[in-house]
Amino acid sequence: MFSDEYLKQLNSKQYQAVTSKDKAVYLVAGAGTGKTKTLTIRIAYLIKYLNINNEKILAITFTNKAASEMKERLVAMKVDIYKSTICTFHSLGNRILKKFIHVLNNNFDSNYSILDIKDSLKIIKKISKDLNIDKEKYKPKELNKYISNIKNKKEKKIFIDNYDNNILKIYNNYQQFLENNNLLDFDDLIIYTYKLLKKHENIKNYFQNKFTHILIDEFQDTDFLQYQILKLLNTKNNYIFAVGDPDQSIYSFRGAEITNNKLFLKDFKAKTLILDENYRSTNNILDKANLLIQNNSFYGFTKKLQSFFGKGHKVFPKMFENDDQEVDFVAEKIKNLIKKEKCNYEDIAILYRLNGLEKKFEKIFLKKNIPYIVFGNINFFNRKEIKDILAYIKILIDPKQDFYLKRIINVPSRKIGKKTISNLEIISKEKNISLFETLILLCKEEKKCNKNLLNFKNLILEMIKKINSNSFLKLENIIDYIDQKVNYSKSINKKKINPENDNLTYIEDLKSFFTKKKDQDKKKTVKQELIDILDQISLNNEVKKDNKNKVTLSTIHKIKGLEFKIVFVVYFEENILPLKNNKYNAPLEEERRIAYVAITRAKERLFLLGAYERNIFGHKTINIKESDFFENMKIFLPRKKSISESKYQFNNNYNFFKIGDKIKHDIFGIGRIITNIENNLLIIAFEPQFGIKKIAYDYAKINLKKIS
């Protein structure tokens with residue numbers, strides 16, 4: 001029976017949500033209101049109090065970290081969730097596709113691999129090179145975004161005829177490469193799941209019957225296809241419980257659609273419940289957050305956050321004469337807080353709107369000996385050493401995966417050169433077989449197969465046989481086995497890939513990951529367990545917070561979901577936050593939500609800082625106006641003395657554009673000019689995936705379109 005002690009932990013509104021008997025509920029959970037606790041106890045209540053079979057529970061989160069935390073809490077509550085599905089949208093897609101992808105497309109089988117961003121970029125580079133496409137005009141990272149946009153627009157029935165022919169060629173070749181090599185990228189996990197459920201009634205019915213109780217966290221971040229998947233999984237007999245906060249919807253650049261919040265209420269005839277008692281921040285911080293966000297559109301319900309902790313410190317707003325003063329102030333304030341208020345560096349975060357804006361803070365922190373980390377810079381699984389070992393494992397599971405075979409055929413060095421690999425590829429295409437099958441074929445004739453290729457072929461076959469024998473008592477031993485067989489660690493010691501780090505430690509960390517992730521199902525073979533772990537790794541594209549005592553530097557988008565005692569929001573000025581300064585332009589509401597998210601990360605102290613003059617990437621920028629968001633929050637700063645208009649207009653020879661102009665770029669999309677011209681350059685802020693770009697004025701005048 002469900003213990004009352006958990007229900008006693010809830011306030012009245014949380015209790016109402018946990019015990020709701022409504023078929024569809026939209027729980028509007030404001031920042032810091034205990035949504036994770038409420039959602040977790042809701043799952044426990046369903047299983048232990050209402051006796052819902054745990055197999056029938058589907059709980060969807062937006063990060064692997066959130067899914068893991070939810071599972072840990074439920075296990076601590078002694079709730080049996082062994083057969084429950086608690087995962088991200090992408091993990092759910094992967095589980096569905098592992099069973100049924102062959103039904104949708106027989107070019108794929110259940111051994112498909114999931115590409116990470118680095119591998120996708122590698123493929124795009126190769127395709128661009130093969131097509132002889134200008135790599136300066138068509139940069140891989142930007143092409144990757146375009147490929148993603150095209151995929152998703154096709155499913156939304158949006159015409160893609162306006163795309164550059166070169167981009168469409170790269171897209172088509174990329175998709176063909178993935179099919180030929182049994183590879184999926186992250187977009188495919190959602191798109192193919194949607195197609196499968198939409199086209200195959202029997203499969204849709206299977207999952208509708210399997211999941212009778214669906215719960216979704218961070219609902220405001222759902223995109224078009226994710227919302228459609230929820231609709232396809234739900235029936236009038238099922239229960240659906242969505243938790244979200246429209247005021248924290250800040251991922252439109254990834255496809256998140258804020259309109260889903262209203263659609264959910266309409267399509268599911270959902271009851272709205274609201275959590276507004278905040279257990280994170282003080283009222284002085286929340287008052288400013290409430291004032292700011294009330295300037296946005298009405299969503300059909302009213303939410304005003306109130307603190308559990310009382311008033312606290314006043315919010316500190318300031319516009320500095322220049323950015324040198326701003327960074328000096330932040331550094332000195334941190335030193336003062338550490339010394340006099342006994343806080344730790346890890347309690348402090350510096351938040352900003354766009355990638356690249358942290359450079360000045362890094363410079364002064366180094367000078368003043370302030371330890372820091374730029375959050376989100378390094379993903380453990382993207383390190384070369386880790387990707388090499390994982391590529392070996394993928395080949396041992398499915399040697400037909402040419403993409404991974406090419407990665408490890410000469411790693412460590414076996415004196416198998418590019419020309420030899422190129423010849424293998426030519427024969428492979430002629431005979432329409434994989435590279436490894438080509439290798440086996442050639443090695444039957446000694447004249448066509450040199451000693452190095454023969455040794456590599458024999459090595460792979462020997463290791464495949466070992467994996468299939470199920471003779472490994474511990475999964476982590478497989479890492480040691482591969483390492484020893486291919487002499488990988490020895491080659492690292494010789495090469496010293498990264499002199500600043502002990503690269504062998506990464507391999508030990510990988511072994512540790514395998515130890516922790518060992519499956520509970522004793523019936524699974526070693527190969528099946530490896531496939532499961534590889535899937536978990538492929539889907540684990542998040543960067544963990546550094547636990548060491550350091551100040552965190554981060555964009556607002558990357559830090560969502562975290563909290564800090566002390567928060568400095570910097571670059572809080574027009575043309576940066578908000579990035580778009582047209583009051584009647586819908587995206588301004590998202591800019592306001594971004595500022596709201598930044599503000600609500602602060603627990604005890606909040607600093608909102610900007611500067612009238614800046615140097616960004618060595619180019620002088622003059623801002624004569626503080627952010628309009630100050631006025632939204634009823635913060636009225638002393639006005640700076642008037643500056644001659646000519647000082648912040650562009651040079652007369654280049655007066656086609658001016659600061660604040662909204663423009664459209666063929667590759668980067670919509671942006672706003674934030675900087676004066678110097679050396680005939682424009683500095684333009686695009687959406688977060690592209691960040692700040694320098695564009696030559698002459699190119700801009702011909703290729704950029706001004707938007708009114």
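FYI, residue positions are counted from 1 along the chain as it appears here.
Including glycine, each Cβ sits where the backbone N, Cα and C put it.
Just so you know, TrEMBL annotations are computer predictions that nobody has curated.
The following features are taken from TrEMBL:
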type    : residues                                               : note
BINDING : Ala29, Gly30, Ala31, Gly32, Thr33, Gly34, Lys35, Thr36 : ATP binding site
DOMAIN  : 8-282                                                  : domain 'UvrD-like helicase ATP-binding'
DOMAIN  : 283-561                                                : domain 'UvrD-like helicase C-terminal'
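What TrEMBL annotates, mapped onto the structure for a quick look.
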| residue | record | CB count, 10 Å |
| --- | --- | --- |
| Ala29 | ATP binding site | 28 |
| Gly30 | ATP binding site | 25 |
| Ala31 | ATP binding site | 23 |
| Gly32 | ATP binding site | 21 |
| Thr33 | ATP binding site | 26 |
| Gly34 | ATP binding site | 22 |
| Lys35 | ATP binding site | 21 |
| Thr36 | ATP binding site | 17 |
Listed in sequence order, residues not in Ala29, Gly30, Ala31, Gly32, Thr33, Gly34, Lys35, Thr36 with Cβ within 8 Å of the centre of the ATP site Cβ atoms: Thr38, Asp245, Leu275, Asn278, Tyr279, Arg280
